[in-house]
Amino acid sequence: MATTDVTVVVKIGTSSLTDTQTGLLRLSVLGPLVEVLTHLRRQGYAVILVSSGAVGVGCARLGWRQRPTAIAEKQAVAAVGQGRLIRLYDDLFSALNQPIAQVLLTRGDLVERSRYVNANRTFAQLLQMGVIPIVNENDTVAVEELKFGDNDSLSALVASMVQAKWLILLTDVDKLYSADPNRDPSAQPIERVLPGIPLQVKAEAQGKSGWGTGGMATKLTAAQIATAAGVTVVITNGKRPEQIPAILAGEAIGTRFDPAPQPASARKRWIAYGLIPEGSLTLDEGAVRAVCEQGRSLLPAGITAISGEFEAGAAVRLCDPSGQEVARGLVNYSAEELRQIKGKKTAEIPRILGYEGVDTAVHRDNLALLN
């Protein structure tokens, strides 16, 4: 049984798990990782492992030298690899008498509120039982529009869901740099990132391996999601899993992202990062100030443009005049209705729409600001 409230989510990527040339699993990494996570569990930490590698393992099993690009092939190869991957984890953890559970998620499990809550309850029960859940995206059934796209985002959403204290992103570099150190000799290491301080990095240039789907840009997105939920995030070298206890003890290893001082509520986090926006609203400067600085609801008068087609209750992006996304929210009107009442005063809504609508386009209770 768990003896502490501290939950640690560890994500290991394909580039750390597998050989970049052959796609074969690196047992020299997996073995120490399993030992470290088991040790943490016995110390009283609640531990969740988010593991990539199913496609890479599947390719190796089939003798493929390159990662497939066709969706059907990727899903089939993932089905081949996931079974072998979880079997290996079970063998390694069983040798240390540590029970594990396989948890395969799709984006749809987090989009629908009832499924989100149920997934959270399942994690809570597993952790209470002293089990280490091993999480991966269910690539075999996930449709392209509802994919996480990378396990960095998945790990951050899981950390947010279970209200973890730590998210450790194990990758193929020691830490975050201002640019790709392999290409730019002036690249500077970044030791710590504080909330609210702009981060100047060339994340897109810090690439990914041929077997993975992530990169440094996806890890920054993951850090944004997790820190908004009050989670401390660390990016560090996946080939050194033995450093994880030292990180939890406060040693300056890798790049640390400090959590937001006032984490958003679970519902606001679900709106901001769990849902998939179906459109966007462009706001004028006054509406941006009202929403972002004064914590007010969005009125139709502050909307200058609508993009996309959606119904009332859909999730949408809220953008400033330059197109920068500043918030997400659940709309009270459809896209067609909003096009009729954008820029109009609240008192004019009944005359324009022909019925007594609500005053707000997005109520502040259904609106979540982004970092």
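Any Cβ shown, glycine's included, is placed from N, Cα and C.
Feature annotations, reproduced from Swiss-Prot:
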- K11, T171, D172, T213, G214, G215, M216, A217, T218, K219: ATP binding site (BINDING)
- S52, D139, N151: substrate binding site (BINDING)
- 278-356: domain 'PUA' (DOMAIN)
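Within 10 Å (C-alpha to C-alpha) of M216 (ATP binding site) lies none of the binding-site residues S52, D139, N151.
Within the domain 'PUA' (278-356), the DSSP-based counts of helix, strand and coil residues read 26 helix, 21 strand, 32 coil. Residues S52, D139, N151 are listed as the substrate binders, and the farthest two of them sit 11 Å apart at their Cα atoms. Among the binding-site residues S52, D139, N151, the ones whose Cα sits within 10 Å of the Cα of K11 (ATP binding site) are S52, N151. Take the Cα of T218 (ATP binding site) and measure to each of the binding-site residues S52, D139, N151: the nearest one is N151. Of the recorded residues, D172 (ATP binding site) and S52 (substrate binding site) place their C-alpha atoms 13 Å from one another. Within the model, the domain 'PUA' (278-356) shows a mean pLDDT value of 96, rounded to a whole number. For the binding-site residues K11, D139, the ranking by surrounding Cβ atoms (within 10 Å, all protein chains) places K11 first.
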